[in-house]
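Asks: Pulled from Swiss-Prot, these are the listed features:
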type: BINDING; residues: CYS110, CYS115; note: Zn(2+) binding site
type: BINDING; residues: SER118, ARG381, ILE462, TRP463, PHE476; note: (6R)-L-erythro-5,6,7,8-tetrahydrobiopterin binding site
type: BINDING; residues: CYS200, TYR491; note: heme b binding site
type: BINDING; residues: GLN263, TRP372, TYR373, GLU377; note: L-arginine binding site
type: BINDING; residues: THR545, GLU546, THR547, ARG549, SER550, SER591, THR592, SER628, CYS635, GLU661, GLN665; note: FMN binding site
type: BINDING; residues: ARG750, THR929, THR984, ARG1017, SER1046, ARG1047, LYS1053, TYR1055, GLN1057, ASP1090; note: NADP(+) binding site
type: BINDING; residues: HIS772, ARG906, TYR908, SER909, THR924, ALA926, TYR930, VAL943, CYS944, SER945; note: FAD binding site
type: COMPBIAS; residues: 55-70; note: compositional bias 'Polar residues'
type: DOMAIN; residues: 539-677; note: domain 'Flavodoxin-like'
type: DOMAIN; residues: 730-970; note: domain 'FAD-binding FR-type'
type: MOD_RES; residues: TYR575; note: phosphotyrosine
type: REGION; residues: 27-84; note: region 'Disordered'
type: REGION; residues: 515-535; note: region 'Calmodulin-binding'
type: MOTIF; residues: 23-27; note: motif 'DINNN-motif'
Amino acid sequence: MACPWQFLFKIKSQKVDLATELDINNNVGKFYQPPSSPVTQDDPKRHSPGKHGNESPQPLTGTVKTSPESLSKLDAPPSACPRHVRIKNWGSGVTFQDTLHQKAKGDLSCKSKSCLASIMNPKSLTIGPRDKPTPPDELLPQAIEFVNQYYGSFKEAKIEEHLARVEAVTKEIETTGTYQLTGDELIFATKQAWRNAPRCIGRIQWSNLQVFDARSCSTAQEMFEHICRHVRYATNNGNIRSAITVFPQRSDGKHDFRVWNAQLIRYAGYQMPDGSIRGDPANVEFTQLCIDLGWKPKYGRFDVLPLVLQADGRDPELFEIPPDLVLEVPMEHPRYEWFRELELKWYALPAVANMLLEVGGLEFPGCPFNGWYMGTEVGVRDFCDAQRYNILEEVGRRMGLETHKVASLWKDRAVVEINVAVLHSFQKQNVTIMDHHSAAESFMKYMQNEYRSRGGCPADWIWLVPPISGSITPVFHQEMLNYVLSPFYYYQVEPWKTHVWQDERRRPQRREIRFKVLVKAVFFASVLMHKAMASRVRATILFATETGRSETLAQDLGALFSCAFNPKVLCMDQYQLSHLEEEQLLLVVTSTFGNGDSPGNGEKLKKSLLMLKELTNTFRYAVFGLGSSMYPQFCAFAHDIDQKLSQLGASQLAPTGEGDELSGQEEAFRSWAVQTFKAACETFDVSGKHHIEIPKLYTSNVTWDPQHYRLVQDSEPLDLNKALSSMHAKHVFTMRLKSQQNLQSPKSSRTTLLVELSCEGSQAPSYLPGEHLGVFPCNQPALVQGILERVVDGPAPHQPVRLETLCENGSYWVKDKRLPPCSLSQALTYFLDITTPPTQLLLRKLAQLATEEAEKQRLETLCQPSDYNKWKFTNSPTFLEVLEEFPSLRVSASFLLSQLPILKPRYYSISSSRDLTPTEIHLTVAVLTYRTRDGQGPLHHGVCSTWLSSLKPQDPVPCFVRSASGFQLPEDRSRPCILIGPGTGIAPFRSFWQQRLHEAEHKGLQGGRMTLVFGCRRPEEDHLYWEEMLEMARKGVLHEVHTAYSRLPDQPKVYVQDILRQRLAGEVLRVLHEEQGHLYVCGDVRMARDVARTLKQLMATALSLNEEQVEDYFFQLKNQKRYHEDIFGAVFPYEVKKDGAAGLPSNPRAPGAHRS
């Protein structure tokens, strides 16, 4: 028989630690005194340790032969201070000294030159399968160590019982090769393993674990019954109780009892045919395994997976969890009613099922256990992780946050509200949950207790710091020491990857590949792919963007060209112009900014490219431009690049494409991309070019299929602000009309309004002078009613409905996210654009709805570019006029809700200072009316301007503030400014002079010279804010006011650029060149172009600059943010007609900065 005493009485040398400072452990150099309070046998804490609770009794030095009396020395303290590691809390300054780590079992994964602390499942925390029993000589010392630890946990030594148990375990191992834990030992081991778990933040409850001993079960059915008992006990109608069920221990590794599920309760994740995932993406692989084993999928978002149980090493069996055992919590928010519409829920019981309990050399591969949720586990990880349900962006949109701007911190705001909803929902249902702040504080208390009681606390900082709130939780500032003690809960390899199937017919069809084989296959495939890509023609795709739209399309283009080429997508500011000499194929996707300029990240390339004189490499190229046809310089930057590359000798692969944001931009891009791709395949003679399968994005069906849409009645009342916030990712608030005043005289045939809006609260939303107010208008009731009268088979106009679409495989319906549930009347009034002429794509779909063949053919003809442009420019029809022109169209409500474009907000420069009028926002609005067909057509109205003009006092106005960081007053108020703004271009300058007036009168701050250049037709007709300008000049806010009149009788027309040339040449030089001042231009884009041309002429003359130098001079002004432009497109049809040759807009109702 092996001698147990060699493991019980190990000779140890003690090293003296000369540390002199005391710490919170309060145990350096002190003797151990066990607590005097008795603990009864029934107390759940009867195995709670004293100071050395996790340590085995101190061994005696000397010979093996000893008397039982000498065992009393097992509890004696060491003769000197033990070695320790000092850790510090950087928030409180408190230090701990860890000695418990000397009892650590084995090494962690860290190496001298690398740290593996952030690895999810490191090898050091994972135990794999076995194919034979643990050898007795390995098992015995671990068993004795555990027995020592167990008996060392009692308040009073039980020496005789201790020795007897050591003898019994030793004999049992020698006889059978293993041993069995007693019931009390099992309880102690499971609790101690929880206590030792470094990644658990809730260990303060470790001694309250309920242990269910299921070591006697032998079948999967018995396992299922034990698990049902566990779930029922732990759930406890929502008052969650921590529990563990322990199945038989591992013998030879071939008869394991295992739960194949990662958790007892988890939701299925289905890989859909279109590549999307329905349900929980984390469980896709396991869900497919269940399906392969015979489970019938339900294809819902929250389907509880069956239990997959393996008994005695046999093939696993499936068991459906009785629904009454699964307590689920529906999610709602205490303030946001729409949160219920997300239709979220979560199960109440977090029960980990796939870990292994190691104790005394024994392994229990089946030991499901549970605690209760910390809110962030659900609210952050389950709902917000990109690889999980990923609801963050949808919530951000519904909250009205700016989800397109990371710097707006929309993610942080949204994730907090999601966690508020989770906590609120659990608490409302009386289901146990703990917020992460309370959890962190409880862990700090637990950690302090552990250091006092046993001199250490293994802790993994990466796992314990909650996924939100970071440094405002105390655990963030706490240094931690991570190590593995025994007993311990280890990770395991997924059982389906290692299971030896007894019935090959039940083996899942999709066999797993061994990791080494997989690595080799991946490496080999990557080598082949690298060689294949290297042999392909290289294609460089450049983009320049202000909003990110061009980048998105460039990435889509890269996906298309990767089917046959070796593409690389780059931003223009990352591209080295010298690489043009090496290019084979260059593709450019870019927007145009301002007055025909490049976006900011394209300026560098533009300047270098325009200066390039020659190119020896003759490559192929193609360009696609994005923009708005409301601007005369539509896609100008794209055409500039095209022209320059052609001049340098490059060969155009395909005509330059144009994407108009007002008219089917995406359709235009897809068409151009496919045309360009095919041309490239032909030009470079790509192998198999006629059989290449291109991405689905470029092959989507452009026809209307009514079977894919349906309307469902909905009772949810419409909250307009919340709906608009969600749809447009803006923070929409309500202002109310205070007053409106016509700024033009009664002699004028036009109307320009000063619209004063008052806030509903005590103070208007925050904004700065020069920023914009986005306004959500309503469509005219006459247009809405006219369309409603022509809808076929539609619901009642005021019946709330929601649009649902059929998934691609046709197995279920999903709620369309484009529009909120609302009535058809509300959709046409608030959400859908019914005044912009239909795109060619929409006309093609309408052609399917025509019952008269002649009308159908006419609609199909209008889909051709030449016919379409003529029809659109001449008629500029609203959707109602299209229905009137083609009366045989049978348009359904689902067609309207799914196919009409979204009504966009209209932007107006704010004409007031928040400091001067803190409860108001003022706008300057030109009211637009016109007739099409050379004045012979129907009367059209600007959508937003006409709506604003029709409002009555206290009527609501949904709106939001849009920042304009490039058009604000100088930070140094002493800098001189020149303000140029004819017509409604005066709007932001009114906010400028009001701000300066407030600073002068209330703060005593004087600003630099401010010169205003205004333009209008006649002084007695349309000189906007004339009296206010005079008042500002009298008070010294405006130092000079110059007005250009363009319609004085018997006088030549004078424009603002003429004033600059004739009166202010010297002032321009002083402000821009000598005094480092600022110049602001606001108004029509053609005016801004003429002003820029005049200013360049003035500066070139004054500074003797050539054309290239003056361009660079103004480029530098813009870079220094001293030349500011806030411009909008021409919106009046007679202006369009007059300047049609210059490429002015064909859509007269496109939103401008101040007119719509």
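Glycine too: its Cβ is placed from the backbone N, Cα and C atoms.
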Asks: Can you tell me how far the Cα of GLU377 (L-arginine binding site) sits from the Cα of TYR575 (phosphotyrosine), in Å?
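Replies: Here the two Cα atoms lie 43 Å apart.
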Asks: Out of ILE462, THR924, SER1046, which of these binding-site residues is nearest SER550 (FMN binding site) by C-alpha distance?
Replies: THR924
Asks: Could you tell me the maximum Cα-Cα distance in Å between the residues recorded as binding FAD, namely HIS772, ARG906, TYR908, SER909, THR924, ALA926, TYR930, VAL943, CYS944, SER945, rounded to a whole number?
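Replies: Output for FAD binders HIS772, ARG906, TYR908, SER909, THR924, ALA926, TYR930, VAL943, CYS944, SER945: max Cα distance 26 Å.
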Asks: What's the most sparsely packed of the binding-site residues SER118, SER550, THR592, THR984, counting other C-beta atoms within 10 A?
Replies: SER118
Asks: What same-chain residues, at least 6 away in sequence, bring their CB to under 8 Å of the CB of TYR491 (heme b binding site)?
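Replies: Spatial neighbours, sequence-distant, of TYR491 (heme b binding site): ASN121, LEU125, THR126, ILE127, ASN354, MET355, LEU356.
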Asks: Note the mean pLDDT of the motif 'DINNN-motif' (23-27), expressed as a whole number.
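Replies: A mean pLDDT of 45 is what the model gives the motif 'DINNN-motif' (23-27).
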Asks: Could you tell me which of these recorded positions, TRP372, TYR373, TRP463, TYR575, TYR908, has the fewest other Cβ atoms within 10 Å of its Cβ?
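Replies: Sparsest of the recorded positions TRP372, TYR373, TRP463, TYR575, TYR908 by Cβ contacts within 10 Å: TRP463.
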Asks: By a simple count of other Cβ atoms within 10 Å, which of CYS115, CYS635, the binding-site residues in the record, is least packed?
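Replies: It is CYS115 that, of the binding-site residues CYS115, CYS635, has the fewest other Cβ atoms within 10 Å.
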Asks: Which ones in the same chain are close to ARG750 (NADP(+) binding site), with CB under 8 Å and 6+ residues apart in sequence?
Replies: GLN744, ALA926, VAL927, ASP1022
Asks: Rounded to a whole number, how many Å is the Cα of GLN1057 (NADP(+) binding site) away from the Cα of TYR930 (FAD binding site)?
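Replies: With the alpha carbons as reference points, the distance is 28 Å.
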Asks: With TYR908 (FAD binding site) as the reference Cα, tell me which of the binding-site residues CYS200, ILE462, PHE476, GLN665, LYS1053 is the closest one.
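Replies: For TYR908 (FAD binding site), the spatially nearest of the binding-site residues is GLN665.
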Asks: Tally every other Cβ atom lying within 10 Å of the Cβ atom of ARG381 ((6R)-L-erythro-5,6,7,8-tetrahydrobiopterin binding site).
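Replies: The answer is 15.
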Asks: How far apart, in Å, are the two Cα atoms that lie farthest from each other among GLN263, TRP372, TYR373, GLU377, the residues recorded as binding L-arginine?
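Replies: That value is 14 Å for the farthest Cα pair.
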Asks: In three-state terms from DSSP, label CYS115 (Zn(2+) binding site) for me.
Replies: coil
Asks: List the helix, strand and coil residue totals of the domain 'Flavodoxin-like' (539-677) as derived from DSSP.
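Replies: Helix/strand/coil tally for the domain 'Flavodoxin-like' (539-677): 59 helix, 36 strand, 44 coil.
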Asks: Measuring Cα to Cα, how many angstrom lie between TRP463 ((6R)-L-erythro-5,6,7,8-tetrahydrobiopterin binding site) and THR545 (FMN binding site)?
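Replies: On Cα coordinates alone, these residues lie 39 Å apart.
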Asks: Would you measure the largest Cα separation among ARG750, THR929, THR984, ARG1017, SER1046, ARG1047, LYS1053, TYR1055, GLN1057, ASP1090 for the NADP(+) site and round it to whole Å?
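Replies: Among the residues the record ties to NADP(+), max Cα distance equals 28 Å.
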